[in-house]
Every structure is written in C-alpha cells, then in structure tokens.
Amino acid sequence: MLKFLKPKSSDEGSSKDNKSAASLKEFLDKAREDFKQRWENPAQNTACLDDFDRIKTLGTGSFGRVMLVKHKQSGNYYAMKILDKQKVVKLKQVEHTLNEKRILQAIDFPFLVNMTFSFKDNSNLYMVLEFISGGEMFSHLRRIGRFSEPHSRFYAAQIVLAFEYLHSLDLIYRDLKPENLLIDSTGYLKITDFGFAKRVKGRTWTLCGTPEYLAPEIILSKGYNKAVDWWALGVLIYEMAAGYPPFFADQPIQIEKIVSGKVKFPSHFSNELKDLLKNLLQVDLTKRYGNLKNGVADIKNHKWFGSTDWIAIYQRKIEAPFLPKCRGPGDASNFDDYEEEPLRISGTEKCSKEFAEF
C-alpha cells in the first residue's frame with residue numbers, strides 16, 4: 001500500500017513521516033522494477049482491427065484520429081488511437097510515436113491512461129486505450145469559466161502524484177495542458193497523450209510542447225530536465241484557477257514574458273496559491289520547486305496543499321468536486337462531433353523499417 005508523505009510538526013509526526021517516506025520509496029522501487037521489466041520487453045501486436053467495432057471519432061490530429069470502439073469479445077469500450085504511418089514519417093514523429101507506445105505499454109498508475117492493446121497493419125499504427133467518458137478538462141473548464149481553488153487543488157494533487165511516479169522512472173511528460181487531461185466518470189483525472197513523453201536520464205534538447213506551457217529553458221534552447229513538467233504544472237494550476245493561462249504565446253512579446261518570468265495574478269488568488277505559483281513559475285532552475293534537493297516534497301508540503309490527504313487522493317477516496325454527466329460506459333456525449341472518414345488500408349506494407357519495433 002502506498003503512503004505518500006504528509007508533513008506533521010510533532011515528533012510523532014516526524015516518525016510517521018519517516019514511515020510514509022519509507023513506504024513511498026518502497027512503492028516507487030517496486031514500480032521501477034515493474035516498469036523496467038515491461039520497458040525492456042515491450043508487448044507487440046496484442047490484437048487486430050477486426051477485434052473491434054468502430055463507433056465514432058472522438059478527436060483528430062495531424063497524423064491520425066482517436067475513435068470510440070467496442071471490443072467484440074468482451075463488450076468493453078475503448079479509445080483507439082489510429083496513426084497513419086506515412087504521415088508520422090512525413091512529420092518526423094517516428095521517434096515520438098515509438099516512445100509513446102513503448103512508454104504506454106510499460107506504465108501503470110491510477111492517474112495515467114492505460115493502454116490495453118497495440119498493433120499495426122499495412123497503413124496504420126493502433127493504440128487501444130481505456131475510454132474515459134467524461135471528456136477533456138479543457139471543455140469543462142471553458143464551460144464553467146474557472147475552477148475554485150479546492151477544485152483546482154483536487155486535480156493538481158493527482159498531477160503531482162502522476163509526475164512523481166513518471167519522474168521516478170526517468171520519464172518527462174512534456175505536454176501538460178487541459179486538452180490532455182481526461183475526467184473519468186468518478187470525477188478523477190487521467191493524463192493522456194504521451195506523444196512527447198521521453199525517457200531521459202540527465203538532460204534533453206528537443207523543442208516540443210504547447211507554446212503557452214513551455215518552460216523558459218525550452219524556449220531558450222538550453223538543455224532541460226524534469227523541471228519543465230513542474231513549470232507546466234504551475235501554468236496549469238494558474239489556468240484552472242483563473243480560467244486563462246498566465247502567458248499567451250501568440251506573439252514574440254509574450255514569449256519574452258515567459259522568459260522574463262513576469263506573472264500577474266488575478267486579485268481572487270489566495271496568498272498561498274500565489275506563493276506556490278511563484279515557486280513553480282520560477283525561471284531560475286536552482287530555485288524552482290520540484291527541482292530542489294527535496295524534490296517533489298517542496299510541492300507536497302507547500303501550504304496551498306496543506307489540507308490535501310495525499311494517500312486518500314492516490315486511493316481515490318476523496319469525493320470529487322465535479323462529476324461529468326455520463327449515461328453509461330459507451331457514452332461519448334462529452335466529446336465533440338467530428339466528420340467520419342473511412343479507414344483506408346493499403347494492400348502493401350508502408351514504412352515497415354521505421355516501425356519495426358512498434
């Protein structure tokens with residue numbers, strides 16, 4: 001059982017602290033073993049297209065689409081990510097796509113979307129993920145306007161735990177934004193879209209991510225590390241609680257703002273929230289929370305999270321502040337409608353070399 005460390009001031013508290021720190025370490029050590037096993041022996045071709053009925057498109061992207069499908073044998077609903085191999089190659093996303101599949105088949109955490117099957121045919125790559133019927137945080141946030149601080153904190157805590165898990169496996173996520181956060185029928189989060197995730201020991205240099213969420217060190221083409229995810233968490237918490245992001249990266253002047261680290265806070269932000277955000281949206285890496293010698297503990301022990309029971313969040317025992325409207329397991333009404341296109345599968349195999357390991 002995982003006990004996430006919770007600050008206590010008394011001596012009794014500190015011995016409890018040591019216990020939870022120890023069991024956290026134990027949990028993460030075991031998670032590392034499990035991950036390593038799957039990372040080094042990735043599963044391949046665990047299903048085929050004929051195993052599924054395709055129902056409707058849930059989303060589209062530059063080299064594919066995500067469809068709601070029903071597994072014929074089990075009757076379970078899934079979200080099937082379909083990527084056109086030739087488009088992936090053309091857009092130079094081979095490495096990212098192979099990374100995504102390899103990572104998804106190896107990770108296992110309550111707040112990360114789970115991949116159940118993967119396979120390929122002559123034309124496409126397929127990743128079959130659990131279907132999260134509540135839709136994207138993005139659409140709920142835009143509809144509601146902004147989330148209260150307790151509501152924002154509930155989601156932020158899940159992301160902190162998910163990043164703690166990923167970072168302990170040397171994985172950087174690199175694409176945090178409300179569009180990549182799904183809300184399940186119980187009101188808890190699932191992080192999806194591992195297209196930019198990467199296993200990095202030390203530093204990496206790739207320019208990728210979403211402009212508004214890019215850390216200064218990525219924009220400045222410096223080598224960067226996991227600290228970029230903690231910066232993005234700051235941007236996300238700000239956007240959840242304000243209803244708009246701290247930076248709009250549509251003009252060069254806005255990019256300069258990110259690099260300068262100047263952030264204005266709405267007057268309704270609490271002092272605790274402003275303090276946490278100043279420490280996450282910190283341009284100086286030697287001062288950014290999550291990147292200091294105490295690691296994630298600086299974030300988890302911050303007073304804005306003072307009321308958070310990390311263990312209960314991990315166990316999904318806290319009542320969610322908001323439940324999406326869901327009418328059963330295959331209900332896609334929380335997703336937008338898209339034009340449907342027939343799946344074209346070539347008679348000859350495309351890009352077999354590039355995707356041999358998929």
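Including glycine, each Cβ sits where the backbone N, Cα and C put it.
The Cβ of D175 (active site, proton acceptor) has D193, F194, G195, F196, A197, C208, G209, T210, Y213 as same-chain neighbours under 8 Å, each 6 or more residues away in sequence. The active site, proton acceptor annotation in Swiss-Prot covers D175.
A simple way to gauge crowding: the CB of G64 (ATP binding site) has 21 other CB atoms within 10 angstroms, across all the protein chains here. Following the DSSP three-state reduction, the secondary structure of G64 (ATP binding site) is strand. According to Swiss-Prot, the feature ATP binding site maps to L58, G59, T60, G61, S62, F63, G64, R65, V66, K81, an assignment based on sequence analysis.
The compositional bias 'Basic and acidic residues' annotation in Swiss-Prot covers 8-19.
The feature domain 'Protein kinase' is assigned by Swiss-Prot to 52-305.
Per Swiss-Prot, region 'Disordered' is recorded for 1-22.
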Under a criterion of Cβ-Cβ distance under 8 Å and sequence separation of at least 6, what residues of the same chain contact S62 (ATP binding site)?
K87, L91
L58, G59, T60, G61, S62, F63, G64, R65, V66, K81 excluded, remaining Cβ within 8 Å of their centroid (ATP):
T57, I82, L83
Counting across all protein chains present, how many other Cβ atoms fall within 10 Å of the Cβ of T60 (ATP binding site)?
15
According to DSSP, which of helix, strand or coil covers L58 (ATP binding site)?
strand
